[in-house]
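What follows is a single structure, written as structure tokens, with notes after it.
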């Protein structure tokens, strides 16, 4: 009787899934839905993934900025946060215990502004980046040489897997990594979350039903809707995956209202269907709990994240209605990691009828070509400044095509931190990328950002500060800059911005922290979607050890010297002898080594502390 009942139940679920079949994908890769939601449709009872409509708060919801401005909500957040960062900066500098470094003089309104950028790279980058953040968090149980850096920072930026870190801790009351990691559900492949067939059958039907709610409400759907439903179930709500929780809802949390932690940002790029993606020509978009938009190409426009998904023309809705809950937390995490759409489309679970149905449905309705692209309503259609982005037709197109920034080659999301209005002095660039043959970082992400900055400056982009000079990708490996921390841009007068007096507009100093194997071989494929508990702990530990050079006191002191370098330069203060020695040891001297003899160098390191320590 048990097996007969089970079979009938599974057949019922399968029939439900079959009833959800939707029209085939159009050329833009999304599934078109012809049933439109009514203007005054109301919020549904109970948790629902479907967006819905409300009255718009004003006639125009696009915030157009002047050059060097930042969105008003972000400015207010940072103003509230300044008292916290000033105190935290003093604590961080004092903890360095470095002679000649006056914490009171080097903090306050003229003190450093720090941005932390975590690279993408799937679950590998999420876990390793989380380990690095734990080393910087004053709430962490064990003191490290970077303790308090997180509290002293203004920005925290993620993309792809690191967007899951940034978004996940932000949604969970900016929890500690120790608490956040207890919520993870990675011990089975994300598409096969349990060993029990019955559970997985229900899992597949739930995902299909949830996305169908969005389609039935009149909104186009994409592979990222399905992928977002999967990834959100691993970040704190394993049963339902936050179906009616939005990214913008984070603004109501107490930590956010009090600006207790860095301003969180996740990034996206653009790609047109049928075209190759280029890190130089793509437009980078960003989302925070407050706003979604871009500084690129002189567009300088943002909308409240809360109203993402609204069809606008020149900032106004034609019928006065705005969309709510399109910025579903899971969808935004999925949209920032469209690299994984291929895994979503190509997964194969034939152990359940529901698994076979969803597998056939995704392959039948979403083309492999352009599968990494998602199309959303373009909130900047008709906005005058958007016409400057002719390559993406941003001013005239009704759709905005987004992809994973990871796919541009700029795997460390530095671009938001290079905007002049943000006044970032130093960027902590945590590189958990997989660019080398053996899946280790090789400096390529910094080279890609440098090339993009040079192209942007040549095109007359006045928003971007510029960037430090960096060595070639070949030199990164041949000179071992990818297996130890390196400071780039130590001389603020010698950057792509040219020789000038150092000000807040000077390009930031970049502290490069590559993934190095200390206790574990962390060169794991980005495509891997499950980790054992032991692997998670090993990666968290390696992320902490790698970012602190095995908690080396001298490195911590030199890190503090790097943090205050722009402040010293702006105020014409001579660095202490101790800091000068640090700059000699850690700053890139401008040395290159592109000799042909290095063409075949393969970076394949060993564990520095022994595997499993």
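Placement of Cβ uses the backbone N, Cα and C atoms for every residue, glycine included.
Annotation comment: Swiss-Prot describes 1-21 as signal peptide.
According to Swiss-Prot, the domain 'PLA2c' annotation covers 55-593.
Residues or ranges marked as N-linked glycosylation site in Swiss-Prot (evidence: sequence analysis): 142 (among others). Non-local contacts of residue 142 (N-linked glycosylation site) by the CB criterion (under 8 A, 6+ apart in sequence, same chain) are absent.
Long-range Cβ proximity for residue 173 (N-linked glycosylation site), meaning a same-chain Cβ under 8 A and a gap of 6 or more residues, is found for 253, 254, 255. Annotation comment: Swiss-Prot describes 173 (among others) as N-linked glycosylation site, evidence class sequence analysis.
Annotation source Swiss-Prot lists N-linked glycosylation site at 220 (among others). Taking all protein chains in view, 22 other C-beta atoms sit within 10 angstroms of the C-beta of residue 220 (N-linked glycosylation site).
The DSSP secondary structure for residue 244 (N-linked glycosylation site) is coil. Residues annotated as N-linked glycosylation site in Swiss-Prot, with sequence analysis given as evidence: 244 (among others).
The feature N-linked glycosylation site is assigned by Swiss-Prot to 281 (among others), with sequence analysis given as support. In this structure, residue 281 (N-linked glycosylation site) belongs to neither helix nor strand by DSSP; it is coil.
Secondary structure at residue 319 (N-linked glycosylation site), taken from DSSP and collapsed to helix, strand or coil, is coil. For residue 319 (N-linked glycosylation site), the count of additional Cβ atoms within 10 Å of its Cβ stands at 12 [all protein chains shown]. If you look up Swiss-Prot, you'll see 319 (among others) marked as N-linked glycosylation site.
The N-linked glycosylation site annotation in Swiss-Prot covers 365 (among others), and the record cites sequence analysis as its basis. Within 10 Å of the C-beta atom of residue 365 (N-linked glycosylation site) sit 17 other C-beta atoms, taking all shown protein chains into account. Look at residue 365 (N-linked glycosylation site): DSSP puts it in a helix.
A simple way to gauge crowding: the CB of residue 494 (N-linked glycosylation site) has 14 other CB atoms within 10 angstroms, across all the protein chains here. The N-linked glycosylation site annotation in Swiss-Prot covers 494 (among others), and the record cites sequence analysis as its basis.
Remark: residue 499 (N-linked glycosylation site) has 493 as non-local neighbours, by Cβ distance under 8 Å and separation of at least 6 in sequence. If you look up Swiss-Prot, you'll see 499 (among others) marked as N-linked glycosylation site.
Non-local neighbourhood of residue 523 (N-linked glycosylation site): 434, 438, 439, 440, 515, 517, each in the same chain, at least six residues away, with C-beta under 8 Å from its C-beta. If you look up Swiss-Prot, you'll see 523 (among others) marked as N-linked glycosylation site.
Here Swiss-Prot flags 551 (among others) as N-linked glycosylation site, drawing on sequence analysis. Counting only same-chain residues six or more apart in sequence, the Cβ atoms lying under 8 angstroms from the Cβ of residue 551 (N-linked glycosylation site) belong to 144, 145, 545.
Sequence annotations record features per position, and here Swiss-Prot assigns N-linked glycosylation site to 572 (among others). Following the DSSP three-state reduction, the secondary structure of residue 572 (N-linked glycosylation site) is coil. Listed in sequence order, there are no same-chain residues at least 6 apart in sequence whose CB falls under 8 Å from the CB of residue 572 (N-linked glycosylation site).
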- prompt: Non-local Cβ contacts of residue 244 (N-linked glycosylation site) (under 8 Å, 6 or more apart, same chain)?
  reply: 47, 48, 49, 325, 328
Query: What number of additional C-beta atoms lies within 10 angstroms of the C-beta atom of residue 281 (N-linked glycosylation site)?
result: 19
Cα distance (Å, whole number) from residue 494 (N-linked glycosylation site) to residue 281 (N-linked glycosylation site): 26
Task: To the nearest whole angstrom, state the Cα distance for the pair residue 220 (N-linked glycosylation site) and residue 319 (N-linked glycosylation site).
output: 19
Statement: Between the C-alpha atoms of residue 365 (N-linked glycosylation site) and residue 319 (N-linked glycosylation site), the distance in angstrom, to the nearest integer, is 31
Message: If I take the alpha carbons of residue 494 (N-linked glycosylation site) and residue 319 (N-linked glycosylation site), what is the distance between them in whole Å?
response: 53
